[in-house]
Amino acid sequence: MFDKDQTWASRAACAGTEPDALFVRGAAQRQARQLCFTCPVRMECLADALSSNASFGVWGGLTERERRALVRRYPEVSDWPAWLRREDDELITELRAQRAPRIIARMRAAHSA
Ligand code: SF4
């Protein structure tokens with residue numbers, strides 16, 4: 001489900017930055033996303049990116065690789081905004097932390113358990 005309300009974008013930490021700053025490739029995404037962890041609308045941004053299958057650049061503090069892994073791990077999720085609001089999932093708690101989430105390591109650990 002794609003949230004049509006895009007008013008959150010005006011509060012984005014990246015609203016005043018160089019447009020290409022978050023559209024870097026590979027390892028540079030890890031550095032670029034530091035801005036996201038100060039962003040008051042990070043979860044809205046992430047939900048939007050997951051809902052619209054944004055494939056390039058940093059969104060919501062996640063790299064392309066991390067978002068791909070998340071979508072692959074949860075193919076049944078159709079409403080990402082609702083999923084990200086859940087309180088009962090450790091991975092979502094990790095995603096909400098104000099630092100780079102260790103989601104790939106967590107997903108690997110959960111898969112091998
Ligand atoms: S989370 Fe990052 S990419 Fe998304 S709006 Fe905030 S600063 Fe921009």
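Placement of Cβ uses the backbone N, Cα and C atoms for every residue, glycine included.
Sorting each residue of the domain '4Fe-4S Wbl-type' (13-69) by its DSSP state yields 31 helix, 2 strand, 24 coil. TrEMBL lists 13-69 with the feature domain '4Fe-4S Wbl-type'.
Marked as [4Fe-4S] cluster binding site by TrEMBL: CYS14, CYS36, CYS39, CYS45.
Shown in sequence order, ALA12, ALA13, LEU22, LEU35, VAL41, ARG42, VAL58, TRP59, GLY60, GLY61 are the same-chain residues outside CYS14, CYS36, CYS39, CYS45 whose Cβ sits within 8 Å of the Cβ centre of the [4Fe-4S] cluster site. A sphere of 10 angstroms centred on the C-beta of CYS39 ([4Fe-4S] cluster binding site) encloses 21 other C-beta atoms.
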